[in-house]
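Enquirer: Please find one structure pasted underneath; my questions will follow.
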């Protein structure tokens, strides 16, 4: 019986191979057409991308037809047909190196146009690879982001702001990994701008802890608010802290309205999320999102460490490209006397009535090192004699407790044994006295 199917035992081996090469090219074109509607990550190609892909296929087909006879003549047996089909597949993705006058930009555009993904056997999308080089083609924007993250060094300043007792200092200490800012459950604890430095392989984040922004009742309060606004104007990223365990209030709305004229990137940081249930947190996040057009909103817990490193990633992402600002071994640029004074004040704030913390200030008068012992002489200032009695306590018991707690913290900070000598002094109405404020470092 005669086999009537075309190309069956009636044509030479080269014709049979050419036919198979033609079918392979047709199949390749059909595969590309099927893949064309979707691009990187399974996204749907735009009309312009689809048109560009069709134009490339037509150019590839014309080149393949114009060179098919030459390839048949230079190839032997089945080898010529296979080479023909592979050559056409390469042309659809990127032009041959032998093509004259082809600009590098055109090669890049063609390489990107052949980037649609195909699903593997498990249904997951896998990128096509160039047959000649075996390298994976990736989306240009995604690749650019990876280069920025890996190769570009970023450095800059970020600050946490918010109303008093929003968890700014606790969060700063958690990010730095060491206590550089004092904390208390009393509002308006922070009075100085404390800078902590986070070192990474590709970035350096200088984190600025600021006093809480509030309605001032004294000259000290006015100066602290001015200090906060000065920090705002000098930082690259501002993190506005909203405690999750308190509803959004007038203070939060006031702070958000103050940010409108700033050039810095503003993100929202919802703190103390470990104190609320998921439903309350969801409602709080929604309320925060309505206050301002924040670049990002990050819920964190400084106590449990939840998303603390995620927050650092977000802050670093918005820093400018810059060389390193501080040496690798520096965690803060604050003088030791300032840090020690703040640790003493933190100890003095423990267990006192609400009105007293705002009246306490600490000044380190002298520090000296004798062998392995550091001697520190410091004064605690209050505004009235009655407050002095509260700080000292009955027979000096409370002041002794303040000294013991502070000495342990200072020894951990300095890494040496410490002798701490404390005295309590009265400076009447020092919060309203410009001369006293200058003396105390405000």
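Placement of Cβ uses the backbone N, Cα and C atoms for every residue, glycine included.
Because TrEMBL annotations are produced automatically, they should be read as predictions rather than curated entries.
Model, not experiment: these values are computed from the prediction.
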Enquirer: Need the matching range: TrEMBL marks region 'G3' on one of 205-208, 209-212, 213-216, 217-220, and I'd like to know which.
Expert: 209-212
Enquirer: Looking at 162-169, 170-177, which one is region 'G1' according to TrEMBL?
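Expert: That would be 162-169, the stretch labelled region 'G1' in TrEMBL.
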Enquirer: How about long-range neighbours of the region 'G4' (271-274): same chain, 6 or more residues beyond its ends, C-beta under 8 Å?
Expert: 166-168, 170-171, 241-245, 281, 299-304, 306
Enquirer: Measure from the Cβ of residue 162 (GTP binding site) and count the other Cβ atoms within 10 Å, all protein chains considered.
Expert: 24
Enquirer: These are the binding-site residues: 165, 210. Which one scores highest on other Cβ atoms within 10 Å?
Expert: 210
Enquirer: With DSSP as the reference, give the number of residues of the region 'G4' (271-274) in helix, strand and coil.
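Expert: DSSP classes over the region 'G4' (271-274) add up to 2 helix, 1 strand, 1 coil.
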